[in-house]
Amino acid sequence: MSLFDKTLNRRTLLKSGTVAVATIAAPSIVRGAEPPPVKVGILQPVTGAVAMDGEFGRTGAELAIADINAAGGIKSLGGAKIQMIFGDARSNPEAGVQEVERMQSEGVAAIVGGFASPICLATTQAAARYDLPYIVDVGVSDQIIERGLKNTFRFAPGFGICTKTAIENLVRINEAAGKPAKTIALVHEDGLFGSGLAKLMQQELPKHGFEILETMSTPTPSRDLSNITLRLRSLNPDLVIPSTYYAETVLLARTMQQQRVRPKAIYAVVNGAASNMRFVKEFPEAAEKIMDCNHWHDPRNPKNEDLRKRVEAAGKQWNYNVPLNYSCVGLLADAIERAASADRGKIIEALASSTYDKHLMPYGPTKFVGGQNQGAAPVATQVQDGVIRVVYPETYSDAKPVFPVRA
Amino acid sequence: MYSLDITLEAVLNGLLTGAVYALIALGLTLVYGVLHIINFAHGALLTTAMFAVWVAYTFLGIDNYVLIPFLAVIFYALGYALQRFVIGPASHGDDGNILLVTLGISIVLENALLAIFRSDTRSLTSDFSFEVLEVGPLLISKPRLIGFAAALVVTLLLWLVLARTDTGKAIRAVAKEKLGASLVGIDVRHIYAVTFGIGCATLAVAACLLMPTFYVNPRVGGAFVLVAFTVVVLGGMGSIPGALAGGLFIGVVESLSGLYLGESLGQIGIFLIFILVLLFRPTGLFGARA
């Protein structure tokens, strides 16, 4: 053991010694060469069950890094460029943690991403051991920010905010239409995300006069939703609220179409498919008029249209994860800029006091309390004639809601 | 409680799915009946067949139903070769070794698929997947109905082959008495390989029938093999009518427990039956011997 330690120490010493000598010897300052880049870890699940979302996230982060570097990098660090260290979380928490360890060994200044709640829960904790600043892009589970981890910041809204806003929006939309919807069936995936969301809605919806007929859970991945659809047909609820990932939502919508289950509306909450262009393009009939309370870009911010064109010109698809991750990287770069350092502690301080307003989301300037961005909120979207529109709130909307879809 | 036509539809869904379960169990039970081994590679071979269907459909534009005879022949050849040149020689006549060899094959296949296709879940996205047939108040999924009919036809064919042809007689002879069969001039190694080949061919057919309504990833076979084992145990090890009856029964049980207990707990019914059968009737419903 002691021998091992000594060997290690000697090696470390040699290595750092070499680096020191190289630094002294290199006349970089004299020649005015580029300052060393700031390494930023981008963690997304680009293989496995949620690979599609991970790919969206990566696209957004890559574009943001390219734009920041093209605009002169981090100016307070002499124009240091951001260097992306990409990690594939392979759609499971263990792989996510492995990638965090790898990023740590490669010396990243911060990590952005994670996407799925279970991945974010594990990776933020792994990063916390190294005081490594971590910006969660999506991960809606509120446990992520409730554990008192100083390194963890979530730019987007979590469960609590999403459910609260979703219910408020639903109540307003329903009232404006003369309260046509009274009964509700909840369909949720049985993991951390779906179950947590369903539990909150079970508590909140009855307070607003809705009756929950039944709460049905389904595993991810599910191969067959005939039984759930049969139950829906038997219950005949006014509203169906699905909280599932992409494949299951598509399967549910298509099975409902097949079995002719036609509720007054499908109002999804933080759904994997209901505001996804791929679903709308591949199955326009099943997707039409589905509403979703979810992350979405601010349609009134012209920067989104430019970014969207660039994404589509590259042959990729647009989804909320793209502007969200673009904004998260922007938020981090702003913090590094103000910290004027790649020091982790200083970046965490800068993030905690951040008032970043150049992002693409409908949130207003950032303000972090306990790691959660207070201004973050989802919006209500609806698929109308094959286009995803923001229908609520009015301050960000680009269309009016069609509700109820059928009487 | 649900209304009668909802329950009826769930039962019907179960029967339709159950026929494909029966087809998967058929290969397993046949190999067990003749070679007296549990083929652990069954699931991995099914996964391989499902990927073959997906590749043929997605990249070559071959319809999954048109593919059935071709894939069945390819998988027959694959199964024949696997038994003749890998499992048979590697086992050195010891059943314990065969078990390990098939387990090894399943590990190799699954990881090869993982390396080629990664762990993403894929499915055929055709509009046909969701077409329905209206019978009174019932809406019956067309691809499942086709799957049901085709599975029954294949079972019948297999039964005819075993009952009426010389090869069938030879297979039954080897299953009953290996030494006696070889004494009357039956090439036992050849019959073993033929049986394994037939087992693989039924998997290829099952894969073609499953893909319109199912998805595939490198680990999908495991879910089916667990169900198929239950079907085989329920129907009686080595029994063809047992596999069919067991498959249909398990399909209905799964569908009804899914309806009443919820999708997350749906499979509980299957394994409850598995344990009950093992406890009270270990020879299965149609099994002649233990």
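Here the Cβ of each residue, glycine as well, is placed from N, Cα and C on the backbone.
Any TrEMBL annotation is an automated prediction that lacks curation.
Note that the coordinates shown come from a computational prediction; the quantities given were computed from them, not determined experimentally.
The annotation transmembrane segment is assigned in TrEMBL to B:12-34 (among others).
TrEMBL lists B:40-60 (among others) with the feature transmembrane segment.
For the transmembrane segment (B:67-86), the residues of the chain that approach it from at least six positions outside its boundaries are 35, 41, 45, 49, 52-53, 56-57, 101, 105, 150, 189-190, 192-201, 203-205, 207-209, judged by C-beta separation under 8 angstroms. Annotation comment: TrEMBL describes B:67-86 (among others) as transmembrane segment.
Residues or ranges marked as transmembrane segment in TrEMBL: B:98-117 (among others).
For B:145-162 (among others), the entry in TrEMBL reads transmembrane segment.
Under the heading transmembrane segment, TrEMBL lists B:191-211 (among others). Long-range Cβ contacts of the transmembrane segment (B:191-211) within its own chain (Cβ-Cβ under 8 Å, at least 6 residues beyond either end) map to 20, 23-24, 26-28, 30-31, 34-35, 39, 42, 45-46, 49-50, 52-54, 57, 64-65, 67-68, 71-84, 87-88, 123-124, 143, 146-147, 150-151, 154, 158, 161, 167, 170-171, 174, 181.
Annotation comment: TrEMBL describes B:223-253 (among others) as transmembrane segment.
Residues annotated as transmembrane segment in TrEMBL: B:259-280 (among others).
Across the candidate stretches B:40-60, B:98-117, B:145-162, the maximum count of CB pairs under 8 A to the transmembrane segment (B:12-34) is reached by B:145-162. Among B:98-117, B:223-253, B:259-280, B:98-117 has the largest number of CB pairs under 8 A with the transmembrane segment (B:40-60). Long-range contacts of the transmembrane segment (B:145-162) within the same chain, counting only residues at least 6 positions beyond its ends with a Cβ under 8 Å from a Cβ of the stretch, are 15-16, 19-20, 22-23, 26, 30, 65, 68, 133, 168, 171-172, 198, 202, 205-206, 209-210, 213, 240-241, 243-244.
If one looks beyond the transmembrane segment (B:98-117) by at least 6 residues along the same chain, the residues whose Cβ comes under 8 Å of a Cβ in the stretch are 35, 37-45, 47-48, 51, 82, 86-87, 90-91, 217-219, 221.
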